[in-house]
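Peer 1: Residues or ranges marked as L-glutamate binding site in TrEMBL: A:42. As annotated by TrEMBL, pyridoxal 5'-phosphate binding site applies to A:76, A:77, A:101, A:151, A:171, A:194, A:237, A:238. According to TrEMBL, the feature domain 'Aminotransferase class V' maps to A:4-348. Annotation comment: TrEMBL describes A:195 as N6-(pyridoxal phosphate)lysine.
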Ligand SMILES: Cc1ncc(COP(=O)(O)O)c(C=O)c1O
Ligand SMILES: Cc1ncc(COP(=O)(O)O)c(C=O)c1O
Ligand SMILES: [Mg+2]
Ligand SMILES: [Mg+2]
Ligand SMILES: [Mg+2]
Ligand SMILES: [Mg+2]
């Protein structure tokens, strides 16, 4: 068995301890004679699994009691529709467009009402977070929407927008649990699990209770109503039980290794190693304005697409997987989520140095 | 490690070989250095997994080329909305109501148009399949909907309804891959994986191509359009990648063990052992009319709810899990899906005989 360094933007690396436990428990979960995949979701043993997952997540993030935690199916992409269907009471909302995922959420909202672009960084290929201190928010907007960490472009909001009293809804898929946050600043935050938390197939939604009502847009499917899931503890129908079980293990791993304060420290250390090298390198450079740099997704280029391709091929051969950048940005992207060890980033930088030395005068 | 006999209606037993392989591959899938949970769904190695899963399913069921196979999130319950949203062109469809799941699909369809009850077996607690040879189907109906195997009530359509030329849509969640079928008789069939096929979190939809169009109801979310998923090979967004991988292993297990002809033979053998005993027993009796009996879900009662409770407690202590019937039927239910070995059913009947001998004169 040899594990490689996987820089995938998602699905992505998971802690090896988590995978080892899952493997050990696969045929017989703690003496109950079956796999977690085989358990009735209505059984006592599964109820404990999902309730512990929720409780551990509440501890990690300090989620107040007036917020519901939901484990849903459909991916983060389904949230792009659920959010307007459940929250667009006035059929109007403001969107800050900072990349492809914000753009998709914005386009989806237009199916249901008036979605207003409050700010955008499209002018510079989404390489920065626009100033959000004085957005053109109007009184009839139901909420303000952001994608807090932009997986593809490698940007992150360092301060949340001034929403002028409006509810803030944030897609935190690619920065979830990477550092402590103040949940009370959000009306809702949500994350597809497959970046920082677990396998694809479960989306975690944290929603302030007063927002969860039966007053949704006409013809909203039952399964797209937050209230149905909130009232049934994410068990209105069969939940993605195994994916939730793995997320629960990741939550325990985070708690055991020092919680989100420690995680922030390690993530800052990892990111600094990579950004410092990019800033000092004569061959490689980061594509993001320093003030907007993500701790999780680090896009970089050589400026020469043939050399980029060579780097991707050679890095792959050397055991660094998935460094190819998104097709809309080109170049490279290293996603260094919670489960990527410091050694993985150090090894990557060593490899980049070697590549630079070999290709400086190419 | 001691595996027990798990009679859960879903999530349910999986073949032990499948679980063993999954455990073995958990940290390093075939030398690629990562778990399937960690793989980019856009990677070559994952593409092979999902494409093989689809190809094997096509072989197993003999799916014609003009049918698409989709792996979706949201559970079977999300299909209750997707079906009318995508197919109710005239806003009218006929539903045969044979249990709770058909009832839920019927109720959901009413959100979007006129759903007509074509037949029902509610008069006798859904203990039989109504005669569907001459249903009041009108020309303006977009489709006829059935739940082919009723998980809770233990009934199964032995012949498909005469749809008078209309498209037939079937929820086959609890009988999928239990025997060969003629796919061309259906316009669409679909199944939540967590009964006969894999872990919860993926729903398999098989849809005739000509039905998959952009002409859907207004305000249908992007993620609820079949065309989006069909055009993108179930990869419009991140698929429930690990769940699909496990389904793929189950497909290979089915192919290796003789395909669906063999499965039908074994399932008939298992069901006969249990039904023959129920018919000969003086204590236990099945709740379903013999002509409508499911091969997969077998509800039974003693006629005395205290004795039922005693049986459930004692069977559990003896290593037979999840025999409690659904709360709407009471009594017991043994779900004997593909992965339940013949020995499991034999052991259950032996236990029932012993219980009967001990409790005959109670
Ligand atoms: C920030 C962000 N939001 C949403 C999505 C879409 O998630 P999903 O594929 O689960 O629908 C992604 C996927 O990469 C993402 O990075
Ligand atoms: C026949 C049938 N249809 C639909 C469902 C609902 O499936 P899900 O929980 O995946 O939404 C079930 C669940 O038990 C079922 O048995
Ligand atoms: Mg982005
Ligand atoms: Mg540089
Ligand atoms: Mg039923
Ligand atoms: Mg009898």
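Each Cβ is built from the backbone N, Cα and C atoms, and glycine gets one as well.
TrEMBL does not curate its annotations; it predicts them automatically.
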Peer 1: Sub-8 Å Cβ contact with chain B: please pick out which of the recorded positions A:42, A:101, A:151, A:171, A:195 have it.
Peer 2: none
Peer 1: So, in DSSP terms, is residue A:171 (pyridoxal 5'-phosphate binding site) helix, strand, or coil?
Peer 2: strand
Peer 1: Have a look around residue A:194 (pyridoxal 5'-phosphate binding site) and count the other CB atoms within 10 A of its CB, chains all included.
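Peer 2: Residue A:194 (pyridoxal 5'-phosphate binding site) is surrounded by 32 other Cβ atoms within 10 Å.
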Peer 1: I'd like to know which of the binding-site residues listed (A:42, A:237, A:238) lie near ligand 1, counting only a CB under 6 Å away.
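Peer 2: Cβ under 6 Å from ligand 1: none.
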Peer 1: Far apart in sequence but close in space: which same-chain residues, 6 or more away, have a Cβ under 8 Å from residue A:171 (pyridoxal 5'-phosphate binding site)?
Peer 2: A:76, A:79, A:101, A:102, A:105, A:145, A:146, A:147, A:148, A:189, A:190, A:191
Peer 1: Would you mind pulling the longest C-alpha to C-alpha span across A:76, A:77, A:101, A:151, A:171, A:194, A:237, A:238, which the record has binding pyridoxal 5'-phosphate, in angstrom?
Peer 2: 31
Peer 1: Near the residue listed as 'L-glutamate binding site', meaning Cα within 10 Å, which of A:77, A:151, A:194, A:195, A:238 (recorded positions)?
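Peer 2: Neighbours among recorded positions, in sequence order: A:238.
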Peer 1: Could you check which of the recorded positions A:42, A:171, A:194, A:195, A:237, A:238 have their CB within less than 6 A of ligand 3?
Peer 2: none
Peer 1: Could you check which of the recorded positions A:42, A:76, A:101, A:195 have their CB within less than 6 A of ligand 2?
Peer 2: none
Peer 1: Distance check, please: Cα of residue A:238 (pyridoxal 5'-phosphate binding site) against Cα of residue A:195 (N6-(pyridoxal phosphate)lysine), rounded to an integer number of angstrom.
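Peer 2: Just about 23 Å between their Cα atoms.
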Peer 1: Out of A:77, A:151, A:238, give me whichever of these binding-site residues has the highest number of other Cβ atoms within 10 Å.
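Peer 2: That would be A:151, with the most Cβ atoms nearby.
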Peer 1: Highest CB neighbour count within 10 A among the recorded positions A:42, A:195?
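Peer 2: Of A:42, A:195, the one with the most crowded Cβ is A:195.
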